[in-house]
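**Q** Below is a structure I'd like to ask you about.
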Amino acid sequence: MEFPFGSLETTNFRRFTPESLVEIEKRIAAKQAAKKAKGKHREQKDQEEKPRPQLDLKACNQPPKFYGELPAELVGEPLEDLDPFYSTHRTFMVLDKGRTISRFSATRALWLFSPFNLIRRTAIKVSVHSWFSLFITVTILVNCVGMTQTELPDRIEYVFTVIYTFEALIKILARGFCLNEFAYLRDPWDWLDFSVITLAYIGEATALRGISGLRTFRVLRALKTVSVIPGLKVIVGALIHSVRKLADVTILTVFCLSVFALVGLQLFKGNLKNKCVKNCAALNETGNYSSYGKQEWNFCHRDEDFYYNKPGTSDPLLCGNGSDAGHCPKGYLCLKTSDNPDFNYTSFDSFAWAFLSLFRLMTQDSWERLYQQTLRASGKMYMVFFVLVIFLGSFYLVNLILAVVTMAYEEQNQATIDEIEAKEKTFQETLEMPRKEQEVLAALGIDTASLHSCNGSPLPSKNASERMRRMKPRVSEGSTDDNKSPQSDPYNQRRMSFLGLTSGRRRASHGSVFHFRTPCLDTSFPDGVTDDGVFPGDRESHRGSLLLGGGTSQQGPLLRSPLPQPPNPGSGHGEDGHSTLPTGELAPGGIEVSAFDAGQKKTFLSAEYLNEPFRAQRAMSVVSIMTSVLEELEESERRCPPCLTSFAQKYLIWECCPTWVKLKTVLFGIVTDPFAELTTTLCIVVNTVFMAMEHHGMSSAFEAMLQIGNIVFTVFFTAEMVFKIIAFDPYYYFQKRWNIFDCIIVTVSLIELGAARKGSLSVLRTFRLLRVFKLAKSWPTLNTLIKIIGNSVGALGNLTIILAIIVFVFALVGKQLLGENYRDNRRNISAPNEEWPRWHMHDFFHSFLIVFRILCGEWIENMWACMEVGQKSICLILFLTVMVLGNLVVLNLFTALLLNSFSADNLATPDEDGEVNNLQVALARIQAFGHRTKKAICNFFTRPCLLPWPKAEPQLVVKLPLSSSKAENHIAANAAVGSPGGLSVSRGLRDDHSDFITNPNIWVSVPIAEGESDLDDLEEDGEEDSQSSQQEVILQGQEQLQVETCEGHTAPRSPGSGMSSEDLASYVDEKWKDEAVAQAPAEGGDDSSSSGGSTVDCLDPEEILRKIPELADDLEEPDDCFTEGCLRRCPCCKVDISKFPWTVGWQVRKTCYRIVEHSWFESFIIFMILLSSGSLAFEDYHLDQKPTVKALLEYTDRMFTFIFVLEMLLKWVAYGFKKYFTNAWCWLDFLIVNISLISLIAKILQYSDVASIKALRTLRALRPLRALSRFEGMRVVVDALVGAIPSIMNVLLVCLIFWLIFSTMGVNFFAGKFGRCINKTNEYFSLVPLSIVNNISDCKYQNHTGSFFWVNVKVNFDNVAMGYLALLQVATFKGWMDIMYAAVDARDVNLQPKWEDNVYMYLYFVIFIIFGGFFTLNLFVGVIIDNFNQQKKKLGGQDIFMTEEQKKYYNAMKKLGSKKPQKPIPRPLNKYQGFVFDIVTKQAFDIVIMVLICLNMITMMVETDEQSAEKTKILNKINQFFVAVFTGECVMKMFALRHYYFTNGWNVFDFIVVVLSIGSLVFSVILTSLENYFSPTLFRVIRLARIGRILRLIRAAKGIRTLLFALMMSLPALFNIGLLLFLVMFIYSIFGMASFPHVSWEAGIDDMFNFQTFANSMLCLFQITTSAGWDGLLSPILNTGPPYCDPNLPNSNGSRGNCGSPAVGILFFTTYIIISFLIVVNMYIAVILENFNVATQESSEPLSEDDFDMFYETWEKFDPEATQFITFSALSDFADTLSGPLRIPKPNQNILIQMDLPLVPGDKIHCLDILFAFTKNVLGESGELDSLKANIEEKFMATNVSKASYEPIATTLRWKQEDISATVIQKAYRSYVLHRSMTISNPPAVPRAEEAVPPPDEAFVEFMVNENCALPDKSETASAASFPPSYDSVTRGLSDQINMSTSSSMQNEDEGTSKKVTAPGP
C-alpha cells in the first residue's frame, strides 16, 4: 500500500483549468445519477455517513506541510480543491503567500466573468493579497480614530466611503454577488460591510442630512475589524454560541422577574410617592378651610421648598404611615405627592417600572438605595421580599448565566480538543501502516531486506546538515534554559495545541506522537534524521527532568555540547544552579542520565527497526512528514535568523583568559548558591516594605532614610545583575525571562536615580514596585497566579480586542446619538456650581467612561441622567444593550476563561510538586543548623530538657560541591529534614533516589495522606519536638528504618484507659486492617506501592494514641486525662485505678462520661446556647431606659455563664484534658466560656467600666459560634471553608501584593492632595468655590463665620494602609465615585481642588479595576471553586471510580428504581360524572386553563397606581370572572375525580388558591369600610399564588426544567450556606450594637439604618452582604472630630461623643465584606455551578426522568388494575404507544421477540422486564447492566410487594420458537394424515414403494427444528434450547435453590420435548 501523502518533493497543488471544471461537471452528473438510483433504496441512504469538509482544509486555515511546498508561480492563482468534500462542488481554492486557503465559486461572477477571465483573476489575486487586507485594516483604524473627533470635514468621510466601495467591488468581482457558493453576500461579515456602504450612500443621497441616526451607522465600521482579523471571528462565534445557550436562562429570568415585579406592584405601588411635607395646616391660622385655604394647601404641597430633604443630600425624605416605616421630623406630615424619587423613574407604580426596578435589583446596581427607599416608605418587614429577590433572583439567576456561558465555552474547547485528537489519530494510523505492512510481508514469508534498498529515500527538502547546524545551538540553549520551550509565546502555544503539542497540561493521549517538550529531539542519527520513535511521553520526560535541569532529559547520548567543557563553569549550568550536564557526562549518582533509554522502551519505530532497508524506506516517508511538522514548528520557534544566532554565539559568550574563567567560576558559585537566592528574596521583601513606608507628612530624616535605602537596594540589584551576566554570559543570561525582567527593572531604577536630581520622575518610581513580582520565582502560588493571569491574557487577547471594540462602538454610538442632547440639556442633571455633569457623552473620553462604568455594573444612574436629557427609548435601548451584551456575556466569558485556566493550571502543578527551589534548600540548611545548635546546647547542659534523640547519627550533607545537581540538593534537603528523626543518608538512599530520578519508569506511589511535596514540612517552624520526629518525611524505600524506629519505642501503660498500647494493638490492628483494605484502591494499591508512611507497615504507638478517641467511643469508656508526654515528664500524674481513692474517681469519670455523651445533655446545651445568643440581641441602645429588662439580662447572663462553666468542667472530667484540648471545637468553647467568666467576675468586682473589660464584653458576641459545632449543616460548610483557607489565604496574599503596587502608586500620585475647604451650613457640607479659596491659608484667612473647615477626604491615599481601603472601595464599586472625583479634581498638596483638573487620572482607576479588581476578585471565585472540587475528589464516593458509561447506567437505573406503576383514577360509573370526567381528563381542558391563567396574569400586569375608577371597576369585574372560572374548574374536577382529586399535589395547590381567592374577594367587600385599619395588599398578593400554576407548563419546557432542577438540587447546600451567613450576620450585628450605637447620623446611617437595635443592625448587614453601600455605613464611623462630629456630646448611657472609632470600623467592615461577599457568596456560586453541571449532564443523558414517567403513564392505560403485568398480545401496541427514545414503532413484533422477555403463566410480562429490555435497546449492551439490574430489582421488590410470586415459565423468544414448532408439527401431521388417508383409499400398485419414501414429517420436523434453533439470539441470556440457571428476572422467586430447581426441571422438560419432537411419527 503506498504512503498516503506522497513525498514532500512532489507538490500536490495543481492549477485550476477548464479541464478541471469539466471533470467537476462529470463528477456532479455521476453523483446525481447515483442519487436517483439510491432514492429507491432509502434505508441504505440513512445509514451512510455524509461526507464532511476536512478540518485542516477549512477556509482561513493553512494546509498541512505534507501537501508539499507551494511553488511561487501558484501563489494567488486558482488551484484545484484539495478537499475531497468539494470534489463535487463547482469551487476552486486560492492560496496566498502565507499559504492561507480561500475558496471561490467556479461559476461566472455577475454572469460575466468566468474563473479564467483576466479581470476576475486579477481581482482574486488582489483580494487574497496580505497587503490588501492590511490596507483595509489600517483604513478602518484611521476611520475609527477619526470618528472619535468631534468636528471632522465631510471630505474625509467621502475618502473612506470610496475606499470601502473599492474593497466591496474587488470582492464582488472575485467572488460573485450572491447567487453561488462562497459569493460576496454569502458571508455574514460582508453583509455588515455592504450595509455600511449602502447607508453611507443613502445618507448622502437624501436631503435629510440632519438625520444623525444614519450617521451613527458609520460606527458599525469599527465592527469591520472583526471580519479582517481571523482569530476574532472564532471568539465572536463563541459569543454567539453562548448567547444562543442563554435562551432558557433568559426565559426563566424574565419569568422570575415578572413574578417578583407583580408582587412588588401589589405591595409597593404608590408608596414611593410618600414624602415629608411641611404641615401646611399650621400656615392657615384661621384653621377653617375656606376656598382660599384649599388653594394655599395645594400650592403648599406642590412647592419643592416644602419637602423635607434627607440630611446631606438634595433628595426629599421618604416616609410611610406604618408603625415600622420611616417617620417625619417635627412640623412635617407624611403625604402622598405626585413625584417618585430619582427623576420620577424609581417606582413600583406600573408593571413596566416595577420590572425595571427588579432588573436593577437582579444586577445589584445601587440596589441599596432602592432597598432603603422602599423600607422607609413601606416598613421594615418587607426586608423579606428583598432577601428572596437577592438570594433567589440575583445570586441564582446571575450565576446561572455564568454557568451557562462557562459551559458553552467549555463545549467549544472540547470540540477543538476532539479535533486535535482526531488529527493525532490519523497521524498515528499513518505511522502504524509500515509496521502492519511489515507484519503482512513477514506472514507471507517474504524476505523484506532483499526487496528494496533505501537509496532514494525521499528526504525532506531541507538538507540534513543544515538542520543539524540549526539544532546544535538549540541544544545548548536547551541546556541552560528551564523555561524556554515551544510553549513560550501564545502564538506557538496555539499552533502547538492545534497540532496536539499542548503544554503538557492536558494528559498525553495514549501513544500520541505529538507529546514532547522541546522541538529539537536531538536523538540524532549520523545522517541527521530525527527518529520519531524516541519521544519519551510527556509524563516520562517530566519524571526524567524532575530533579535534573530542563534540557537533559531530551538529549541523546550521542550528541556533544558545542560549549567548551569543564574549565568553563557556565557550560552546563542552569541559572538556578541546577547542573544541566552536557550530555554524555555522568550525573552525580554515577548513573548515566539518558532519557533516550527510557524513551526507547516506548518507541513506535525503534532504531533496530530502521536497520532493514525496506522498513527504513517506509519509515523515511513517515519521518519526512514528521520532520516537516517539526520544521514548521521550529521555524515558528526561531526568533532570529541564523546569521544573528552565529553572531550572538560569537560575541555574547565570553571565553577569555584563564583568570577571567576563574572569576566566572567564583561568581558562578556565588550566584547559584541557595543562600544568594535567600538574600535576594529578603532584599526584595525589605525593599517592598521600604516603598510601602512612604506616606504624607514624612519628616525629612525619614525621607532621607528611605532615599538611602533606595540607593542601597538599587546598587545591590545592579550588582546581582552584573554578577549573573558575567557568570552565565549574556547569551545564556538573556534567555531567561526572569533575567530580562530583572534587567529592565534595574535599568529603570538607575535612570530614575540619575534623573532624581533634575526632577522627580514619580512614573519611573512606580516601576521599582514591579520588583515585588520577582518573589514569584520562589513563591509557587504567586507564580501560578501570575501564570494564570498570563495564560488568560494570552487566550484572552482576542477577547480583549472584542471587548475593546464593544466599548469603542458603544461609546461612539452614545457620542453620535446623545452628544448634542447632553450639551443642550446639561443643566437638568449637573450640580448647581458645575459647568458640566461628571458623566456625559459629549466627547469620546467621557462617553468611553460611561460605557466602562456600565461594564462595571453601574448603569442605572447614568441611564436616569440620559433619560432626563435625551429620548427615553434610545437611552433604555442603548444602556440595556451594553449592560446585557457587555456585562453579562463578555465579562462572564472572561470569568469562564479564568476558571478554565484554573482547572488547567492547578495551584499545585506538577512543576512545583517535584522541584525543590533553592529557597527551600537554603531554609532546610538553616533548619538543620538550628537543630544541631539546639542539640549541642542540650548536650552541653546535659540535662533532659528534651527527650533523648534516637541513636543513629545522621551524616549531614550540607556543603554542596559546585557541580552538585539539583538531585543532590534535593537529597540534602531531605536529609536535613529527616536528620532529627535519625535517618542516615545511606548509600541505599542515594541509590533509590538516583534510580527514581534517572529511570522514569519507576512508579513512585505516594500515600494520599502525605503532604504535597517532600519539603512541605520545612514550611512549618523548625521546632519539631521528639513526638513529631516520627512523623518526619520518610524517604521512599526506607521502610526498614521506619520499622526499626517503631520497634525502638517503649509503650508505657496508659493509666486512664485500663489497657496498655500493646493491649490495644490487637484491637486496633483488626480495625485498621479493614480500613487499609478499604483504602488500597484509593492509593492505587498495587504491589508496587511503596508508601513510606503507611500505617499497615508498622503500627506507630503514637498513631494508636491519636486514634484513641475513636476507639474510646467503641469501648464506651473515657480516655486518659493527660497526654503521654505529660505522663513521662510528671510520673505523679500516673494513677492506678484499681487502688482505693482512684477507683471512686474512675467511677465519677465514667458517670460524667455517660452524662456528657447523652443526647439530652447535648440538646439542653444547644437550647442554652440559643437562649444566651438571643439574650445578647436585647442589649441595645435603649437598654438603659428599660431597667427591668436590664436586671433580667444581668441575671440570665450569670445563669448562662454558670451553666457553661459546669458543662466545661463536666467535659474535662469525662473526656480528660487530652481529648478536650486536642479538639478545635472544644478550644472554641473554652475561649468563649472564659470571656463570659472574666466579664462576669469583673462586673462583680465593679471593674466593668475599664476599657479592656468593655472590649472583652463585646467579645461575648462570639457566643453563637458555639452553635457551629452542634449543627451538622453549618459544620459541613465550615469544614469545607476551613479546608479552603490555605488557598484563600494564598490568593489573599497575592492580591495584597498586587494591590500594594497600586496603593504605592496612589500614594505617589495623590498623597496629601485630597484636602479641601468646606463650608458647614446646618447639616449640609458644601465645597467652597475656587474663586474664594485657593489654598489652605486662604481657607483659614476667609473663615469669618467659623463655618469654613479645611478637611481631608475621609478615604484617601495619604499612606499605603489607607490606600488599601480606598482600593477596596474601588474594587467593590462602592464609594469609588468620591475617591475618583477627588483624584481627578486634585491639584497639589494644600490646594483647593478644581473641577476635572486632571481628567486622565480616571485611567489609573480604569487600569486598577481591570487588573486589581476584576482579575483578583475573580481569582477568589476560581480558587474557591477549584478548592471545593479538589476536596470533593478527596472525599468522593463511588462516582470517581466509575466510568462515564457506568454513571449513565447508574443514573438511569436510579431513576428507574424510584418509580412504580400507579393505578389510574377509575372512570366513575355515574354517566354525568363520567361525562365530566372525560372533559376534565382531556389535554385540551388543561391547555384552556393554562391560557386563562396567563390571561389572568396579564390583567394583573395592567394595574397601575392612581388608575381611574372606571379601570378599577373593570379590573375588579375581570378578577371576579377569573375567580369564578377557577372555582368552576375546581368544582368540576372534584365532582369528576371524587376523593382522588386530593391525591395530586397540583390539585391541592389549585384548591388552596381558589379558597384564598374567594376569601380575598369576600374580605375586600367587608373591609372597604375598614381600609384605614387593615391593608388589603396582602390579599392582593395571595391572588398572585395563581401565577404559580404556570409552573405546570414547565413540564413541557425541558431546558427551563433543567435550570429549576439545578436549583432544587442546590437548595440543601444553599440552606446550609444561608444558615452560616445568618450566624455571621448575627455575630456582627451584636458587635455593631456594642461598638457603634452612638455614631452621628450621616451618609448611610440614619434613624432606620443604624446600629442602635438588633433589627436595624440586621437591616444594615443584609445590605452589605452584597457589599452594597458599605462605604455609606463606614463614613460616619471614620469621623474623629469637628466638623463632622462632636466628641463631647452626652449620650443616654452616660458615655460621651458621637464620633466613631476608625480602626474598629475599618476592621469590622473589611472583615465582614471578605467573609460574606468573597467567601459565602462565592460558595453560593460554586454550589450553583456544580449543580448546574450535574443537572445538564442528567438532562443530556439518553434517558431522562420524563422518559420513565412517560413509560409508566402509558403503562397505566394498558394495566388499569396496576397488576404490574400486561399480556404478550398487548406488548406490540404498548411499544408503539410510547413516545421518545423508548418507543419501538410498528412493525415491531420481531424486535420484541428478539428481546427474549420472560413470560409468566397467562402469557403475561412484568413491567420491569419490559423497561429493562427497552432501556437496553436505547443504551446498548453493557456488562454493568446486570449488576445494576439486580439492585433495581431488590428496590422494586421492596417497594411493590405483589401478592403472588409469579415464576417465569418461558420467554418471548422461546414462546415464538414453540409457536413455530407447533405450527410445523401441525402442518406435518395434517399432511401425514392426509397422505395416510389417501394411501388407504387408493392402495399402491407397487407395495414396496412405501418403504422407499421416508415419512415426510420426520424430515420436516428435523429441518424446522434445526432452523429454529439457529434463530439469531441477540440477548445471549437465554438460548433456544435451555434456560441457564443464572437467568435474572424480577418475577423470580426469592431463594436461589428454587431458581436452580425450576431451571433444571425446565432443562429436563426441554430435553424431553426435543426428544419428542425429533422422534419419528407413528
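Note: Cβ is positioned from N, Cα and C throughout, glycine not excepted.
The structure displayed is predicted, hence computed values, not measured ones.
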**Q** State the disulphide partner of Cys328 as given in Swiss-Prot, choosing from Cys276, Cys280, Cys300.
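**A** So the cysteine paired with Cys328 in Swiss-Prot is Cys276.
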**Q** Given the candidates Asn483, Asn1693, specify the residue that Swiss-Prot annotates with N-linked glycosylation site.
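**A** Residue annotated N-linked glycosylation site in Swiss-Prot: Asn1693.
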**Q** Which residue from Asn455, Asn463, Asn1343, Asn1939 is recorded in Swiss-Prot as N-linked glycosylation site?
**A** Asn1343
**Q** From the topological domains that Swiss-Prot annotates, would Cys178 and Ala1509 count as being on the same side of the membrane?
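**A** Checking Swiss-Prot: the two residues are separated by the membrane.
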**Q** If you check Swiss-Prot for N-linked glycosylation site, which of Asn288, Asn1840 comes up?
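**A** My reading of Swiss-Prot gives Asn288.
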**Q** Report which of Asn798, Asn1319 appears in Swiss-Prot with the annotation N-linked glycosylation site.
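**A** Cross-referencing Asn798, Asn1319 with Swiss-Prot, N-linked glycosylation site lands on Asn1319.
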**Q** Please check if the intramembrane segment (351-375) comes into contact with the intramembrane segment (1361-1382), where contact means 3 or more CB pairs closer than 8 Å and the residues in each pair are separated by 6 or more positions.
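**A** No, the intramembrane segment (351-375) and the intramembrane segment (1361-1382) are not in contact.
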**Q** Using C-alpha atoms, which one of the glycosylation sites Asn321, Asn344, Asn1335, Asn1343, Asn1693 comes nearest to Asn828 (N-linked glycosylation site)?
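**A** Among Asn321, Asn344, Asn1335, Asn1343, Asn1693, Asn344.
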**Q** Per DSSP, what is the residue count of the topological domain 'Cytoplasmic' (783-798) in each of helix, strand and coil?
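**A** Split by secondary structure, the topological domain 'Cytoplasmic' (783-798) comes out as 15 helix, 0 strand, 1 coil.
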**Q** I'd like to know which of the glycosylation sites Asn321, Asn344, Asn1335, Asn1343, Asn1693 sit within 10 A of Asn1319 (N-linked glycosylation site) at the Cα level.
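**A** So the list is Asn1343.
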**Q** Give the number of CB atoms, excluding that of Asn344 (N-linked glycosylation site) itself, located within 10 Å of its CB.
**A** 16
**Q** Please give the average pLDDT for the domain 'IQ' (1858-1887) in this predicted model.
**A** 82
**Q** Return the residue, from the listed glycosylation sites Asn828, Asn1343, with the maximum count of other C-beta atoms within 10 angstroms of its C-beta.
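**A** Of Asn828, Asn1343, the one with the most crowded Cβ is Asn1343.
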**Q** Given a 10 Å Cβ-Cβ cut-off, pick out the one of the glycosylation sites Asn321, Asn1319, Asn1335, Asn1693 that has the most other Cβ atoms nearby.
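**A** Per the Cβ count, the most surrounded site is Asn1319.
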**Q** Below 8 angstroms Cβ to Cβ, which residues of this chain, lying six or more residues outside the transmembrane segment (1514-1537), approach it?
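**A** The answer is 1465, 1468, 1473, 1476-1477, 1479-1481, 1489, 1492, 1495-1496, 1499, 1502-1503, 1507, 1547, 1550-1551, 1553-1554, 1557-1558, 1561, 1583, 1586.
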**Q** On a C-alpha basis, identify the one among Asn321, Asn344, Asn1343 that is nearest to Asn1693 (N-linked glycosylation site); the candidates are the glycosylation sites.
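**A** Closest recorded candidate to Asn1693 (N-linked glycosylation site) by Cα: Asn321.
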**Q** Give the helix, strand or coil assignment DSSP yields for Asn1693 (N-linked glycosylation site).
**A** coil
**Q** Whole-number Å only: compute the distance from the Cα of Asn321 (N-linked glycosylation site) to the Cα of Asn344 (N-linked glycosylation site).
**A** 21
**Q** Per DSSP, Asn344 (N-linked glycosylation site) is which: helix, strand or coil?
**A** helix
**Q** Just the number: how many Å between the Cα atoms of Asn1335 (N-linked glycosylation site) and Asn1343 (N-linked glycosylation site)?
**A** 13
**Q** Whole-number answer please: how many Å between the C-alpha atoms of Asn1343 (N-linked glycosylation site) and Asn344 (N-linked glycosylation site)?
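**A** That comes out at 39 Å between the alpha carbons.
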**Q** On the three-state reduction of DSSP, what should I expect for Asn1343 (N-linked glycosylation site)?
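**A** For Asn1343 (N-linked glycosylation site) - judged by DSSP and reduced to three states - the answer is coil.
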**Q** What three-state secondary structure does DSSP assign to Asn321 (N-linked glycosylation site)?
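**A** Looking at the DSSP assignment, Asn321 (N-linked glycosylation site) belongs to neither helix nor strand, so coil.
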